[in-house]
Amino acid sequence: MAHPAQLGFQDAASPVMEELLHFHDHALMIVFLISALVLYIIIAMVSTKLTNKFILDSQEIEIVWTILPAVILVLIALPSLRILYLMDEINDPHLTIKAMGHQWYWSYEYTDYENLNFDAYMVPTQDLTPGQFRLLETDHRMVIPVESPIRILVSAEDVLHSWAIPSMGVKMDAVPGRLNQTALLASHPGVYYGQCSEICGANHSFMPIVVEAVPLPHFETWSACQLDLA
């Protein structure tokens, strides 16, 4: 969960998000080194009156400043491509959930069960209980088992939406008439919040997403209760 004045990302709740955090730190360190080098060169050139005639026309320097950026781009591109393939990989999911975006709420369907589906509306401010977050809490949470690969099918009923959970490194566009898929795996129990990340209309910021990751026995108990209610 994000907090006020937070500078970095939310704590990782999935292996993919951990990889994204590592890549962010890797790329940021390269940016810092480049920025420091450029700043040093600018200060050196502005503050000195001396001129080196061998630098004004140097093949060696031109070779270095051509090859070095290419090497840096490769060092950034390779781990980036690795994470892209990891995010796109869906191997033998234990559970498939269909998330459908509406104006302005989400509906969920557990396709491996007979009649397990529900709508998730934002809890109004006046109905919040102590400990709940304003504009982020829903009346029904999407419950998933911990340490189980989950396939999420995302689509929309009316306009463009986007199903996003920052702490899990998941963001998938919900396009009317198109079925997109993504995968997530919760590495530990907890409640994780997200919101629609597409400008979908007047109440765009009022269709939150809440994912509750629980141990497998608790998930089986929850699903059995939901089926009994249905």
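Positions of Cβ are set from backbone N, Cα and C atoms, glycine also.
If you check TrEMBL, you get these features:
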{"type": "DOMAIN", "residues": "1-91", "note": "domain 'Cytochrome oxidase subunit II transmembrane region profile'"}
{"type": "TRANSMEM", "residues": "27-51", "note": "transmembrane segment"}
{"type": "TRANSMEM", "residues": "63-85", "note": "transmembrane segment"}
{"type": "DOMAIN", "residues": "92-225", "note": "domain 'Cytochrome oxidase subunit II copper A binding'"}
Checklist line | Number of helical, extended and coil residues in the domain 'Cytochrome oxidase subunit II copper A binding' (92-225), per DSSP | finding: 19 helix, 60 strand, 55 coil
Item checked: Tertiary contacts of the transmembrane segment (27-51) (same chain, 6+ residues out, Cβ under 8 Å) -> 72, 75-76
Notebook entry, point to check: Given the model, what does the mean pLDDT over the domain 'Cytochrome oxidase subunit II copper A binding' (92-225) come out as?
Noted result: 93
